[in-house]
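Worksheet: the structure to be examined is printed underneath.
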Amino acid sequence: MADEDLIFRLEGVDGGQSPRAGHDGDSDGDSDDEEGYFICPITDDPSSNQNVNSKVNKYYSNLTKSERYSSSGSPANSFHFKEAWKHAIQKAKHMPDPWAEFHLEDIATERATRHRYNAVTGEWLDDEVLIKMASQPFGRGAMRECFRTKKLSNFLHAQQWKGASNYVAKRYIEPVDRDVYFEDVRLQMEAKLWGEEYNRHKPPKQVDIMQMCIIELKDRPGKPLFHLEHYIEGKYIKYNSNSGFVRDDNIRLTPQAFSHFTFERSGHQLIVVDIQGVGDLYTDPQIHTETGTDFGDGNLGVRGMALFFYSHACNRICESMGLAPFDLSPRERDAVNQNTKLLQSAKTILRGTEEKCGSPQVRTLSGSRPPLLRPLSENSGDENMSDVTFDSLPSSPSSATPHSQKLDHLHWPVFSDLDNMASRDHDHLDNHRESENSGDSGYPSEKRGELDDPEPREHGHSYSNRKYESDEDSLGSSGRVCVEKWNLLNSSRLHLPRASAVALEVQRLNALDLEKKIGKSILGKVHLAMVRYHEGGRFCEKGEEWDQESAVFHLEHAANLGELEAIVGLGLMYSQLPHHILADVSLKETEENKTKGFDYLLKAAEAGDRQSMILVARAFDSGQNLSPDRCQDWLEALHWYNTALEMTDCDEGGEYDGMQDEPRYMMLAREAEMLFTGGYGLEKDPQRSGDLYTQAAEAAMEAMKGRLANQYYQKAEEAWAQMEE
């Protein structure tokens, strides 16, 4: 959000009103009189400032003596902190209302119920608000239309609509279930949590995702629902889509790195994509999860993750944050390198202070956001705020300003502008303002005048339980939610970061038992999804041959990561046997490939795939399709026949394979025959052979094979007769 969009008023430190530019002959915007003023949001209760006025003068005088700080947005320039404040005040005094010409204040006032979502506890809070909404939409997308809206703060003593915040109310063009509106809000607030986690790793530019709530107009027929967001001025850009990378002249590093970060930091559980917005203030993101069942129809699951990584070129930010490149085939890598060349034009400059993804040095500031992932950092805890050196003024409204943590103790919002970039305090949720609040992922109470002691607590933090309205429409301090409570509510989301590279994931899996290894890697499922997209022609132009080499590349990676379907498919493919996945692909028949194929089949058999067990048993039994480095072994064959016969549960991949491919009576009969004759390392056992023939006969009778059952009974008698001899 640009600075022009931040609606706030100026008050004197001692409670006096600021002289307005152009009145009483005092219009000098650069007047030193500005030193006596601080920025106060119109949502603030003026009475609350009386508790801190005694501290303001002393603190502000210290601020004017602060040392110069650097900016990642323009590292060659340095700005004195006092000058930055004066610049922000100047912007505030001359800020016009971009919607003044539409005279929304003349529209009839409507009372609405506002539904806000707390992403920490998963709870909803309802309250009443007053709005004025235009009757005709000013924008229309593929699915929704937008209406200009003003919302009155609940803490104004008079209905001053001309100073009310500008909002955009959105509704679906086609009727949808009401739950869709609530799911959209939940998605955006969950994505906001990941934006805050990304910012805590000190990227060169921080990101923020807009607050969104729901308003229900109960006085209208049908009580329609609308999404409500702050209005943002600026150039709206789509950085990546729900299905991959978007090539644009305005190439950016941060949006792509943010999506990659969410994948690794969540332990591959999800990825935030469809990044779009103004600058690094994003809206309407999409989350792909492992299951693909949450967050509406736009959640493509691991298929969506595959689409992102197929076109993602790791950039300087990815490297500085320790994000591992996703494994692509040489041909895919060549295509992605074209994007890499485009990234060279990006102007983001690294500061060298970026924290590695999942680094134990990344600490969670208590009160800065919900304690999401807090137990994952070994040294998580309150960061010592004695060091408030301002490393950068990032391009996002979510960014932390030099002394925003300290200013928050005084209930001050902080604004700065640099190279058309607005930055705000991101690390403290209790920074109340009419602009978009970044680190605010829980909703506030809307009582007035309940203030805790503004004195900073240990480590320089203030956990003030101020009960203001946050006009951000969603979320207040999460510091009131203890870590233990959050962990209890969200235990399934506490996971360690995992790299996107197969080699590192294989190292992790090798430390697990086999039953915990098969089908447990989400990264393996992503590679398997890449195989399906290649086979389906998604990654090739119409009329072109799809890339079989790349498909086999990803199938091998999926197999190495324990995807049972990939293991079986490769085993059949290398063994020159019919296979259902990549059915059109045939590999050369070489001794090396035969060895690979049998190794994969043996691995699948050990993982519980019944078809592979039978194939391995037959190979050891007859010697056909056996790898060159192995020989016939009836003892092994008997073991795998027995294992297949006992296979009645699901395999390690969670699938159930019945007895359709090989009748039970046939395998029992073959076991009996091997024990009757002996050989290839198996000793003769006539008694057990007769017992197995009897079981085979009973199984044949159950299968309505009476004649075959009689043959088995006869052979059982022959085996027992040999035993008597």
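Using N, Cα and C of the backbone, Cβ positions are placed for all residues, glycine too.
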* Structure fact -> Range annotated region 'Calmodulin-binding' in Swiss-Prot (choices 81-94, 151-164, 529-542) is 81-94
* Structure fact -> If one consults Swiss-Prot for phosphoserine across Ser47, Ser70, Ser404, the residue flagged is Ser70
* To which residue among Ser438, Ser464, Ser470 does Swiss-Prot attach the annotation phosphoserine? -> Ser470
* Would you mind telling me which one of Thr149, Thr291, Thr353, Thr364 Swiss-Prot calls phosphothreonine? => Thr353
* To do: Annotation phosphoserine in Swiss-Prot: match it to one of Ser241, Ser320, Ser491, Ser586, please.
  => Ser491
* **phosphoserine according to Swiss-Prot, picked from Ser31, Ser445** => Ser445
* To do: Select, from Thr262, Thr283, Thr348, Thr389, the one residue given the annotation phosphothreonine by Swiss-Prot.
  => Thr348
* Which of Leu300, Val302, all binding-site residues, has a Cβ with the fewest other Cβ atoms inside 10 Å -> Leu300
* Asked: When the number of other CB atoms within 10 A of each residue's CB is tallied over all shown chains, which of the binding-site residues Asp297, Gly298 has the maximum?
  -> Gly298
* Show which residues of the chain containing Gly296 (ATP binding site), separated from it by at least 6 in sequence, have their CB under 8 Å from its CB. => Val180, Glu183, Asp184, Leu187
* To do: Would you identify the secondary structure of Asn299 (ATP binding site) according to DSSP, in three states?
  => coil
